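The domain 'Pyrroline-5-carboxylate reductase catalytic N-terminal' annotation in TrEMBL covers 2-87. As annotated by TrEMBL, NADP(+) binding site applies to 6, 7, 8, 9, 10, 11. Taken from TrEMBL, the feature NADPH binding site applies to 52. Residues annotated as domain 'Pyrroline-5-carboxylate reductase dimerisation' in TrEMBL: 155-257.
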């Protein structure tokens with residue numbers, strides 16, 4: 001499949017890198033005004049250009065990973081030279097209806113929300129599409145399953161997905177950072193503390209994904225009466241560990257919705 005990514009920033013480059021490493025059958029073009037920071041992608045067979053229209057007529061799928069204020073300018077540039085394209089938007093806050101109105105009925109609007117772990121084939125990419133574009137939507141599902149998981153969700157949950165899946169990467173990294181800092185305080189050098197913390201989080205996530213059970217059931221396997229684990233958990237919860245995370249996620253969703 002020929003994939004054209006407009007917006008070679010952190011997210012666009014991560015998608016291109018993930019495709020190049022995990023789905024070599026795709027022909028990928030990435031555009032960015034200043035290409036210097038993404039020229040490394042060329043070594044992986046990705047075409048890099050500063051021209052948004054470069055190769056775009058041949059694309060099967062166009063992916064927009066740009067800022068909301070750039071959408072109208074980019075569409076005005078590319079729409080005159082394309083026809084009958086799948087246009088997948090990773091633009092925060094841009095609804096399927098709004099995008100479809102901008103691009104017209106000659107194209108198919110799909111909404112996606114990947115995260116930067118796509119470059120490692122580990123993104124949680126939420127996807128939404130209208131029923132009449134189900135076939136085109138499934139093509140995006142196929143692409144992003146190669147880059148991690150790709151659940152299809154109701155579009156009304158897409159703002160929440162932006163926080164849970166995309167912003168959630170930062171939230172998880174903040175936990176790893178805090179765990180690393182604690183590791184330093186109890187005697188480890190920072191590199192060892194970071195390696196242990198990151199692997200522990202990866203292992204916990206893999207257990208949840210493999211066993212498909214409530215996390216508390218797995219926590220029960222680790223804790224023992226009067227043990228160090230339950231003592232640590234109780235201390236964290238007394239300072240708002242879970243409630244702080246929940247409040248942060250809900251506050252981030254309100255920010256997206258402009259509440």
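The backbone N, Cα and C atoms fix where each Cβ goes, and this holds for glycine too.
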Under a criterion of Cβ-Cβ distance under 8 Å and sequence separation of at least 6, what residues of the same chain contact residue 10 (NADP(+) binding site)?
-> 116
If you count the other CB atoms within 10 A of the CB of residue 8 (NADP(+) binding site), including all protein chains displayed, you should get 28
Under DSSP, the domain 'Pyrroline-5-carboxylate reductase catalytic N-terminal' (2-87) has how many residues in helix, strand and coil?
-> 40 helix, 19 strand, 27 coil
Could you state the whole-number distance in Å separating the C-alpha atoms of the residue listed as 'NADPH binding site' and residue 9 (NADP(+) binding site)?
-> 14
Within 8 Å of the Cβ centroid of the NADP(+) site residues 6, 7, 8, 9, 10, 11, which other residues of the same chain have their Cβ?
-> 5, 12, 13, 30, 32, 65, 66
Can you count helix, strand and coil residues in the domain 'Pyrroline-5-carboxylate reductase dimerisation' (155-257) using DSSP?
-> 89 helix, 0 strand, 14 coil
Those binding-site residues listed as 7, 9, and which of them has the most Cβ atoms within 10 Å of its own Cβ | 7
Looking only at 6, 11, which of these binding-site residues has the biggest number of Cβ atoms within 10 Å around its Cβ?
-> 6
For the domain 'Pyrroline-5-carboxylate reductase catalytic N-terminal' (2-87), what's the model's average pLDDT?
-> 95
